[in-house]
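Heads up: the structure comes next, in structure tokens.
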């Protein structure tokens with residue numbers, strides 16, 4: 001099936017920033033941090049003083065999500081990544097510094113995608129860490145992850161897959177209800193409770209007539225003229241079923257049926273009946289004429305199953321660029337009449353933002369956009385250390401040597417960039433060491449600085465996993481040195497800190513030993529080092545864990561979509577062992 005590969009564009013690399021500049025020009029109640037690609041309300045001082053502040057974000061290409069929902073009655077700010085790519089943790093951190101409410105606290109709301117969970121999670125940890133280092137109280141910050149997609153759930157199976165349910169248009173309902181409660185002056189716990197209810201009681205499924213053309217890249221794939229794909233994701237991810245396009249009444253009835261037959265829906269609504277909110281979302285290129293038909297059919301299909309739509313929303317809320325398709329979301333309302341009326345009232349409450357049903361109005365008072373609201377960034381004093389410099393150089397050289405093999409493995413089971421991404425990170429750290437720009441006399445500070453270097457150099461999921469681990473390791477070492485009478489960092493102390501850092505990482509990824517990831521090498525290394533203090537034995541355990549991935553079925557990462565590994569070890573685990581080998585060799589010299 002043909003689709004439009006032509007776009008209004010100057011340069012794909014500047015499209016997001018250029019678009020955001022036009023967006024705030026058309027919506028004068030908003031401001032833009034152009035460098036960090038953060039959209040925030042102008043009346044920021046008042047919001048921070050009296051209300052819980054709400055922060056969201058994700059990749060661009062889903063407009064009006066997420067910046068379109070920044071305004072009075074909804075979000076305080078939104079952080080925008082590149083097209084279909086999560087913003088970095090540094091972008092998110094800059095936003096947290098800016099909008100954090102000392103009085104009421106802040107809530108971070110994200111869709112359930114690995115990059116978003118890791119980057120926003122790391123930003124929260126960095127924010128906590130820098131506040132502690134500055135001698136301030138632990139900040140009141142909470143994060144809620146919304147995964148409303150039931151297109152990844154087999155209706156006949158309770159298993160959702162290791163990556164969990166994706167976040168789709170139902171997330172907008174979470175923004176709206178939480179934003180209304182925050183606007184009413186409720187505390188962080190009450191706002192969080194509302195959004196958690198929406199997250200656990202909203203169910204979405206989508207379908208598309210074709211994938212969307214990506215500016216600068218074109219069409220990733222194309223359906224036949226008479227095909228439709230059910231479950232296609234908002235980033236062009238493949239759905240669970242391709243079939244011949246059928247009459248709209250049969251199609252929409254089948255989508256509603258998939259939702260109500262899914263195990264997550266059954267858990268939220270054991271009776272399968274009751275009052276609901278229905279949100280019909282345009283994925284970007286469906287005509288308003290067709291949207292009216294789809295809305296009518298969705299309401300009728302729900303009613304035929306005992307689900308009464310007390311509110312129906314229809315429009316463009318979360319797109320996949322110009323994807324010709326729709327998604328249906330059903331929010332199950334509480335059985336308790338008072339609680340139900342309260343949620344509906346929050347939904348009805350006016351929200352002045354460009355993406356919601358109400359058109360946003362200009363805010364007369366521009367408020368305080370003082371850059372100091374972002375808070376000071378953490379600073380470091382460079383210092384040399386021969387042992388650290390030897391470790392960094394040896395690890396770098398070993399990564400250079402092993403990169404071709406890591407790349408080969410990833411080309412066969414992933415997207416082929418694992419080796420180059422790892423090498424980019426190792427090179428950046430090595431160059432920083434040669435330039436004498438690392439605080440190597442302070443291990444905790446050195447690791448924190450290295451983590452920031454890794455984020456800038458590596459990117460991607462593997463990069464943020466390394467960053468989160470290094471962040472945790474930095475915090476663990478800082479605490480150990482602060483609490484312990486013994487100031488020397490023995491191998492066992494490093495092992496203890498490594499295990500603690502692994503716990504930090506586990507807060508933001510569901511990957512565990514046996515899932516065929518770098519965790520299969522990292523966990524045995526940390527455990528052995530903590531128990532024995534023997535670096536060589538720990539390396540042997542890591543190498544054994546990496547080799548064991550050759551017999552494992554992939555359960556995380558892109559290799560999940562391949563399904564089997566043909567006796568190949570995981571590229572990420574092998575890459576980590578190359579780093580650990582270099583460290584071990586340096587310590588034995």
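Cβ coordinates come from backbone N, Cα and C, glycine included.
Quick look at what TrEMBL annotates:
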type     : residues                 : note
ACT_SITE : 235                      : active site, tele-hemiaminal-histidine intermediate
BINDING  : 59, 60, 61, 62, 111, 116 : substrate binding site
DOMAIN   : 11-356                   : domain 'DhaK'
DOMAIN   : 386-585                  : domain 'DhaL'
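Rounded to a whole number, the distance between the Cα atoms of the residue listed as 'active site, tele-hemiaminal-histidine intermediate' and residue 111 (substrate binding site) is 13 Å. Pairwise Cα distances among 59, 60, 61, 62, 111, 116, which the record gives as the binders of substrate, peak at 15 Å. Residues 57, 58, 65, 66, 80, 81, 84, 85, 86, 113, 234, 235 surround the recorded substrate site, their Cβ atoms falling within 8 Å of the Cβ centroid of 59, 60, 61, 62, 111, 116, which are themselves excluded. Residue 60 (substrate binding site) counts 23 other C-beta atoms within 10 Å of its own C-beta, drawing on all protein chains shown.
Look at the binding-site residues 59, 61 and count other Cβ atoms within 10 Å of each Cβ; 59 has the fewest. Here residue 116 (substrate binding site) comes close to 57, 58, 59, 86, 110, 167: these same-chain residues lie at least six apart in sequence, with C-beta atoms under 8 angstroms from its C-beta.
Sorted by the number of other CB atoms within 10 A, the recorded positions 62, 111, 235 start with 235, the lowest. Here the Cα atom of residue 60 (substrate binding site) is found 10 Å from that of residue 235 (active site, tele-hemiaminal-histidine intermediate).
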